[in-house]
Amino acid sequence: MSTQHAERTRSGAWDGFRGGLWRDAIDVRDFIQQNYTPYEGDAAFLAGPTERTARIWRRITELFPEERAKGVLDVSWDTPSTITAHAPGYIDRDEELIVGLQTDAPLKRAIMPNGGWRMVAGALRTYGYPVDPELERVFTVHRKTHNAGVFDAYTPAIRAARKAGVVTGLPDAYGRGRIIGDYRRVALYGVDRLIAAKREEKAGLDAAPADPRTLEGVIREREELAEQIRALEELKEMAASYGHDISGPAATAQQAVQWLYFAYLGAVKEQNGAAMSLGRTSTFLDVYLERDLAEGRLTERRAQELIDDFIIKLRIVRFLRTPEYDELFSGDPTWVTESIGGIGTDGRPLVTRTSFRYLQTLYNLGPAPEPNLTVFWSPKLPQGFKEFCARVSVDTSSVQYESDELMRPRFGDDTAIACCVSAMEVGKQMQFFGARVNLAKTLLYAINGGRDERTGEQVGPETGPIESEVLDYDELLARFDRQLEWLAETYVHALNVIHYMHDKYAYERLEMALHDRDVRRTMACGIAGLAVAADSLSAVKYATVRPVRDGSGLAVDYTVEGEYPAYGNNDDRADGLAVGLVEEFMRKVRKHPTYRGAEHTQSVLTITSNVVYGRKTGATPDGRRAGEPFSPGANPMNGRDTHGYVASALSVAKLPYDAAQDGISLTNTVTPDALGRTPEERVRNLAGVLDGYTAVGGFHMNVNVLNRETLLDAMEHPEKYPQLTIRVSGYAVNFVRLTREQQLDVLNRTFHGSL
C-alpha cells in the first residue's frame with residue numbers, strides 16, 4: 001500500500017464514528033460504548049453460508065481425516081516460530097477474504113523451543129519428524145529455555161509433589177497461556193499509534209528513582225517494553241508479507257476483521273500457550289460492520305461471509321504437543337475463547353447483530369470446538385438472543401455460559417474469558433496460570449501421615465498415619481488441614497518459580513504489547529478432586545469408613561458401611577463440605593507471597609485431566625476405586641447426583657465465586673427429551689434453566705444436549721461423526737478426537753433424564 005494511500009486510509013478510518021476518550025487515549029471500551037448499537041431482535045436477519053464459504057471450509061475438512069489418522073498433518077520441524085519466521089500461507093489465495101496462517105500451509109504446526117527443548121524434541125520424535133541437531137545444540141547449550149530455568153530453581157519438595165501428582169499439570173514445560181492481548185487495538189488505532197504509546201510508557205520509566213526496593217522491577221519493565229515495541233514492528237512486517245499495511249487504523253469492516261486477526265495471528269505464531277484466547281471482539285467488529293452496511297458498502301450476506309472466514313481461521317489454529325500434554329488437555333484444544341453478550345454497566349445489552357453472526361457460524365460451518373464460544377448470560381439479556389443461544393446449544397452442544405451478573409461488578413463490562421472460566425478485563429489484566437492441586441490425594445496424605453498411597457514415599461509432612469480401625473471425622477479434618485497448609489505453600493512457591501522463568505525466557509512480547517503498561521496480575525491457582533474430597537469427608541462423617549492397610553501400615557483401600565449424603569443433590573450436609581474446602585484452600589493460598597505482587601485466585605476446573613488425576617490417586621473413603629477418574633471441574637461424582645439436572649446445578653451454584661474468582665466449571669449433559677417434547681419447548685426450558693442458575697449465583701455451565709446412544713455409535717463409527725462436538729470441563733472438543741479412556745469417562749457421566 002502506498003504511503004499516500006495509507007495516509008488517506010488513516011484520515012478516513014474513523015469517519016462516521018462518535019468521538020470520546022478513545023480518540024486521545026488507547027481506550028477500546030470507550031470506543032465501543034460510544035459507537036455500538038444494541039440489538040434486541042431475533043435471528044431472522046441471519047444469512048446462510050455462501051458457495052465460496054463452503055468451498056473454503058471444504059478444503060480444510062478434507063484435511064481432517066489425515067490429520068486425525070497421523071496425529072498431526074505436518075510440522076515445520078526446522079524453523080523455530082516467530083512472528084515473521086514463516087512465509088505467507090493460504091487456504092486458497094484467490095478466494096479467501098481474511099488471510100493468514102501460523103506457518104506456510106494450513107494445519108502445519110510450528111516448533112516453539114523457547115518454552116522448552118525437551119517438549120519440542122519429544123513431540124517431533126512422537127510424530128516421526130527429525131530433530132535438527134543444530135537447533136538442539138542452540139536450545140540446550142546457548143539459549144536457555146523456560147523449562148530449563150524452572151527445573152534449575154525447583155526445590156526438592158516441589159519436585160516430589162509434582163512427581164507424585166499431588167501438584168500436577170504445571171506450565172513448566174509448555175507455554176502458560178491465559179493471556180489475552182487486546183487485539184482490537186490494532187484495528188482501531190493501527191500499529192504506529194500503539195508503538196508511539198509504548199514509547200511514551202517506556203519514557204515514563206526513564207526517570208524512575210533508583211530505589212533498591214523497586215530498581216529490579218523498573219529495569220525489567222524497561223526491557224519488556226523494548227521487546228513489546230520490537231514485536232509490534234514485526235507484526236507490521238508479517239502483515240506486509242500478506243500485502244497489508246496495518247500501520248494505520250482499519251478503514252472498512254473487512255480491514256477491521258483482518259487487522260484484528262493479524263494481531264491474534266502474531267500472538268499464536270509467537271506463543272503456544274495452553275490457552276490462546278481471543279477476547280471480546282464481536283461487539284467491537286459490529287461497529288464496523290454496521291457502518292459499512294448503513295453506507296451500502298456491505299450486504300448482510302457479505303457481513304456473514306467475513307465472520308465465517310474469520311472463524312475458519314480460528315478453527316485451524318494448531319500447536320505441536322506431546323502425548324503427555326494431550327492426556328491432560330485432550331482433543332487438541334487451543335481455547336480460542338470469544339466472549340459474547342452480557343450487559344453494560346449502563347444497563348444496555350452488549351448484544352449486537354454480530355453476536356448472532358458468531359453463533360451462526362455453528363450452522364454455516366457446522367459444530368466445532370473452536371473458537372470456544374462463551375456467552376455472558378444474564379436474565380436481562382434480550383429474549384431473542386437468549387432463545388437463539390439456547391437453540392444453538394440444543395442443536396450443537398458447542399456453547400458455554402458464564403454469569404455476567406457475577407463478573408460485571410468485579411471486572412467491569414469489557415471482560416473476557418481466558419481459557420475456560422477465567423475472567424479478566426481486556427488489555428488491563430493478565431494471569432499467571434497455575435494448573436491445579438489434587439485435593440483428594442491430599443486427603444489420603446492426611447490418613448497416611450504424608451506418605452503417598454501408591455508408592456509409599458514420604459511426600460507431604462511426616463505426621464504419622466491415622467491408626468484407628470474406623471476413621472474419625474475430627475481427627476481426619478485436623479490432619480487434612482496440616483497437609484493443606486503444606487500443599488498451599490509448596491504450590492505457590494512452584495508457581496512463583498514458573499512465572500519468574502516464563503517472563504525471563506518465554507515472554508509474551510506481542511500479547512503484552514496489547515496491554516496497558518500497568519496491568520493487574522492474578523496468580524491463578526486451582527483445585528481438582530473437589531467432589532471426591534467432599535464425598536470422602538461426608539462418608540467419614542455420616543457413615544462408617546474403615547481403612548484397609550497393607551503390610552507396611554499404608555491405607556490402600558476403604559470399606560464404607562451405611563449411607564452418606566453426596567455432593568450434587570442440593571443437600572447442604574454434603575454441599576457445605578465442598579463449600580468449606582473451596583474457602584479454606586483459598587485462605588491458605590493467600591498466606592503466601594506471589595511473584596510481581598499477583599493477586600491470589602482459584603479455579604475449580606480440571607479440563608479432561610480428571611482422568612489423569614484419577615489415575616494418579618488411590619482408592620478414596622467415598623468408595624471410589626483406585627485409578628478411577630474424578631468428576632470434571634466442580635461437578636458431582638459421576639452417577640451420584642441422582643436428584644436431577646436442577647438439583648445438581650444448585651449444589652455447584654453454592655460454591656462461592658469470591659473464593660474461586662478464577663472460575664467454577666460445571667458440565668452438564670441432559671437428554672433432549674428431558675428438556676422438552678418439542679424443539680420450542682427445549683429452547684424455552686434451557687433458557688429458563690440458565691436464567692435460574694444465574695439468579696442463584698451459578699457461575700458457569702457447559703450444556704450438552706445428547707443421547708448416550710449417539711456417543712456410543714460415534715465410538716464405533718467415528719467416520720460418521722467428524723464434527724460431533726461435546727462440552728467438557730471448560731471447553732469443547734471433537735468427541736472422536738478423545739482417547740478411548742476419555743470417551744468412556746464421558747459416557748460414565750450422568751446423563752440427566754429429567755430436570
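Cβ coordinates come from backbone N, Cα and C, glycine included.
Curation plays no part in TrEMBL annotations; they are all automatic predictions.
Per TrEMBL, the feature active site, S-acetylcysteine intermediate maps to Cys419. In the three-state DSSP scheme, Cys419 (active site, S-acetylcysteine intermediate) is classed as coil. Listed in sequence order, Gly177, Arg178, Ala274, Ala275, Ser277, Trp335, Thr337, Phe433, Gly730, Tyr731 are the same-chain residues six or more apart from Cys419 (active site, S-acetylcysteine intermediate) with CB atoms under 8 A from its CB.
Residues or ranges marked as active site, cysteine radical intermediate by TrEMBL: Cys420. Taking the Cβ of Cys420 (active site, cysteine radical intermediate) as centre and 10 Å as the limit, one finds 29 other Cβ atoms among all the protein chains shown.
Among the features that TrEMBL reports, domain 'PFL' is placed at 4-625.
Annotated domain 'Glycine radical' per TrEMBL: 632-755, in sequence order.
Its Cβ taken as reference, Gly730 (glycine radical) is surrounded by 30 other Cβ atoms within 10 Å in the chains shown. Taken from TrEMBL, the feature glycine radical applies to Gly730.
Look at TrEMBL and you will find 618-638 tagged as region 'Disordered'. In terms of DSSP helix, strand and coil, the region 'Disordered' (618-638) has 0 helix, 0 strand, 21 coil.
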Checklist entry - What does DSSP assign Gly730 (glycine radical), in three states? => result coil
Checklist entry - In the same chain, which residue numbers or ranges, 6 or more beyond the ends of the region 'Disordered' (618-638), come under 8 angstroms Cβ to Cβ? => result 440-441, 443-444, 447, 453-454, 471, 528-532, 535-536, 538-540, 545, 556-558, 560, 564, 566-569, 578, 604-608, 610-611, 648, 651-652, 655, 664-668, 728-730, 745, 748-750
Checklist entry - Which whole number is the mean pLDDT over the domain 'Glycine radical' (632-755)? => result 94
